[in-house]
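Engineer: If you scroll down you'll find the structure; I have some questions about it.
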């Protein structure tokens, strides 16, 4: 379908890394496939441990379970298509399919952001109001908060899709990204994208910075509470209960805020470098989080140690 000198697209092509030479396509697809397998394996192990050990049926582990599910679904939304693009040269994606992927990418990102807020709330109440913790934070309240996170995450994702879908897309249909996201798609619109990109930026910042503001407040309050503990050993023990969560939060927020802000204040990266940064902050958390869960949470660590020892006994 064409209007004037423009030919409107009916589908898109995911380019991935535009500077990658064809002789490295096999290597790229293999690396991405191995990353996907590691993500699935690590997170499925956490799900199995949760399902088979009642000792993990506590508020913090219900939050972790939801994070695991979100990570797996996000990776499954993004990785298979880019793997197929480099493995089978199957980069084409339908118009509707691209916007569906865009919706899911931003949806699972928002879910994770809200779940990290709930995780910070758990630590905040546990350390700042320890006597009231059992009354405020229990399995029922965490279930309600988790469901709320999954429901509220629809709002920013839908607003982005509703504003971007009706735009006229013409001439180029090549998405310079490893998956369909709002910036990559709207850059192809043959119209001024400023009236659409700024509201989308505001929505993204609210979904990111709203939870982040509370997370910063909660951990500042935690630091103040920890400093009031008399013994150094007590301070270190209390802080150690937050270390895993802080690593997870930093992996998620810092690179995202950097890339969002840099693109709106004029810092210019090469296309390939920008895509590498985006892929790193998209894939590192789902890849590394299971290790953090297993190494930095006492119950899961003890279960893993017992399993490892029982395997050693059977081998002998």
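Placement of Cβ uses the backbone N, Cα and C atoms for every residue, glycine included.
I grabbed these lines from TrEMBL:
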- 42-293: domain 'G-protein coupled receptors family 1 profile' (DOMAIN)
- 24-51: transmembrane segment (TRANSMEM)
- 63-88: transmembrane segment (TRANSMEM)
- 100-121: transmembrane segment (TRANSMEM)
- 142-162: transmembrane segment (TRANSMEM)
- 201-226: transmembrane segment (TRANSMEM)
- 246-269: transmembrane segment (TRANSMEM)
- 275-295: transmembrane segment (TRANSMEM)
Engineer: Under 8 Å for C-beta pairs, could you tell me which stretch among 142-162, 201-226, 275-295 has the largest tally with the transmembrane segment (63-88)?
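Structural biologist: Ranking 142-162, 201-226, 275-295 by Cβ pairs under 8 Å to the transmembrane segment (63-88) puts 275-295 first.
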Engineer: What else in the chain is close to the transmembrane segment (275-295), if you only count residues 6 or more beyond its ends and a Cβ gap under 8 Å?
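Structural biologist: Beyond its ends, the transmembrane segment (275-295) has Cβ neighbours at 16-17, 35, 38-39, 42-43, 45-46, 64, 67-68, 71-72, 74-75, 78-79, 112, 176-178, 244, 247-248, 251-252, 255-256, 258-259, 269, 301, 304.
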Engineer: List, by number or range, the same-chain residues at least 6 past the transmembrane segment (142-162) whose CB is under 8 A from its CB atoms?
Structural biologist: 59, 62-63, 66, 99, 102-104, 106-108, 110-111, 113-115, 117-118, 121-122, 182, 199-200, 203-204, 206-207
